[in-house]
Every structure is written in structure tokens, then in C-alpha cells.
Amino acid sequence: MIISGLICGLLLGFVMQRGRFCITGAFRDMYLTKSSKMFVAFLVVITVQAIGVLALQEAGVLAPKVKDFALLATVIGAFLFGAGIVLAGGCSAGSLYRAGEGLIGSWIAFFSYMICSAIFRAGPLKEFTSSLRKITIEQQTLYGTLGVSPWLLVGLLTLITLYLVFRQLRKQGATIQLKAKKSGLAHLLFEKRWNPFVSALLIGLIAILAWLTSVQTGRNGGLGITGPTVQALQYVTTGDSKFVNWGTLLILGILIGGFIAAKFSQEFRLRVPTAKEAVNSVGGGILMGAGASLAGGCSIGNGLVETALFSWQGWVALPLMVLGTWTAAYFLFVKN
């Protein structure tokens, strides 16, 4: 049932909002504040998903299909996407849950991303995108190229991630706890500050659930934002119900989940951007849409899902997104 997409979206939006899980911040802060804490949490999501998906694949439950590696399109697109998320103040999923918090700038960024993605994937620039993504190389996965078991790479990633998590925990100082106004489950869900690594663990489990539930609807994939965003726009403009599917309900769920989390934690507030912020949101959304379309995925599709499959596309896109983020951060925050 495609309603499972809505449930996964609700869970993802809720956890991302309450855990303040910001992929843009994870990439940007390594450069601006020299903090890698959120990036390590990002690696936790990849690691948890990699273990779960490979185990389910070995059990015959899943049969993930790795995308053809369009090297040039991935390099260009990932860099553009990374730059775009700095201008927009959030990635695709981040813009969705922050729109649920009441940030008008995130609404502007997401709609710009939606329209630009549609132009590149289903509109006037569809052929350009397709032709660039047809320039592929033979190798698709890291383990295929290296001639090793995928479990070897999963094990290596797990060891690296655990080491980085423990190092972060050792560096972590005491946090100031405000007097609780709620108690019990309400305190845990809507008031207590969530540990980023716990949030990352939950997101990793949601990512595995996404694979399991979407496969049941005939969709062979995990979490994804760009394709479903285009399909949502196609449904709005054509009214054709074929565009309503697991993926489109996922993005709706992220928005609603973010709203519920923000509302009950008293963090919901309509915030209108300045003219400059609005322009940045539009520009960021355009770069995100173009970049994700060319790269074959966003910070979720490439950054979290393709990396968990150890595809070349995912592991080439990830550092290029980070580089794009750092470049934009330099011109936006450092140089100015």
C-alpha cells in the first residue's frame, strides 16, 4: 500500500525536526566551524542503512538496482546541489521539514527546487539531462571494481563510523539542561534535546523501512526526494492519479511530520524572509533542482541511499556535494 510512504515520511520529518538533523549543516559546519559532529551522524545513517539493506539483500528480501554511473553529470550536478543547499539554507528534505516549521524561505526554496527539477527531468531540458547522464562508465559499485565482498566495505565503514562516534562522545562536554515543563513521553518526544547520534540511528532504521515498504508497492528503491517531487508537480498540473505513489506520499509525510514535531514542541512559527533571503532561497532551489537532476539524486538519494549501496555515483557525489557546500559557504559567509 502506498500509504506506507506517508508513514515513512511522517516518521522521517518528525525525527529530522526533533533531532535538528540538518544535512546542510553537517557539510557546511566542517568548514565554517570546524565541527564534524553532524557529519559523523550523517555517516551513522549510511552505516545503519548499509548493514540493513545488505542483510535483506542476502536474505533475498531486497534486490537493489544500482544506477549507471554517469561520471560527468554526477560531478557537475553534485557540486551545483552542494552550492544550492547553502543558498537555500537547507537541502531537499531539510527544506521540507523546515517548511513544516513555518519557514517561508524554505517553502520558496522547495518550490524553486520542484519547478527546476521538473524542467530538467520532465520539461524543456529533459533531453539535455538524459544525454549527459547517458555518458557512463562501466563500473557501478566500489566492491565490484575492487573485486571484494560488499560485506568487507560495510565492515570497514562500520569500524570507521564507530571510531568517529566514540571520538565525538569523548569530546562532548556537559550540556545545560533547562527545567522540564513536560513529563514522561511528552518530555522525551517534544521537549528533551535529542542526541544527534540517536536521531541518526532512527533515520537509518527509517531508511531500511522505506526499502521494505516501497518494494511492496512495486517501487525498487529507498528514500528519494527529487523524482517524487517532480511527480507531485505533475499531479498538481495534470490531475493524473498515476503520479500519486509511494514517493509522492513520502514527501507529503516529511512536511506533515516536521509540522507535527514543531507544533507540539512549540517551535512552529511563521517566519518571513528578507528580500535578500528570498532571492537566495530561489537561487538555491534552482541550483538544487538542476544539480539533483543531473547527479541522479540529492543529499538523500545520493548522499544517504546510493552511498549505502556503495555505488560509485553515491561516493563520488558525496564529496562533490561537500565541496560545493564549502565553496558557496566561502563566498556567502567568509569572503563577505
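Glycine residues also receive a Cβ, built from the backbone N, Cα and C atoms like all the rest.
Automated prediction, rather than curation, is the source of TrEMBL annotations.
Since we're looking at a predicted model, the values are computed, not measured.
Here TrEMBL flags 38-57, 69-90, 102-120, 141-166, 194-212, 243-262, 312-333 as transmembrane segment.
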Same-chain residue ranges lying at least 6 outside the transmembrane segment (102-120) that approach it to Cβ under 8 Å:
84, 88-90, 92, 94-96, 126, 128-129, 226, 229-230, 232-234, 262, 268-273, 277-278, 280-286, 288-290, 292-294
For the transmembrane segment (312-333), sequence-distant contacts whose Cβ falls under 8 Å of one of its Cβ atoms, 6 or more beyond its ends:
24, 27-28, 30-32, 66-67, 69-71, 74-75, 77-87, 137, 139-142, 145, 291, 295-297, 299, 302-303, 305-306
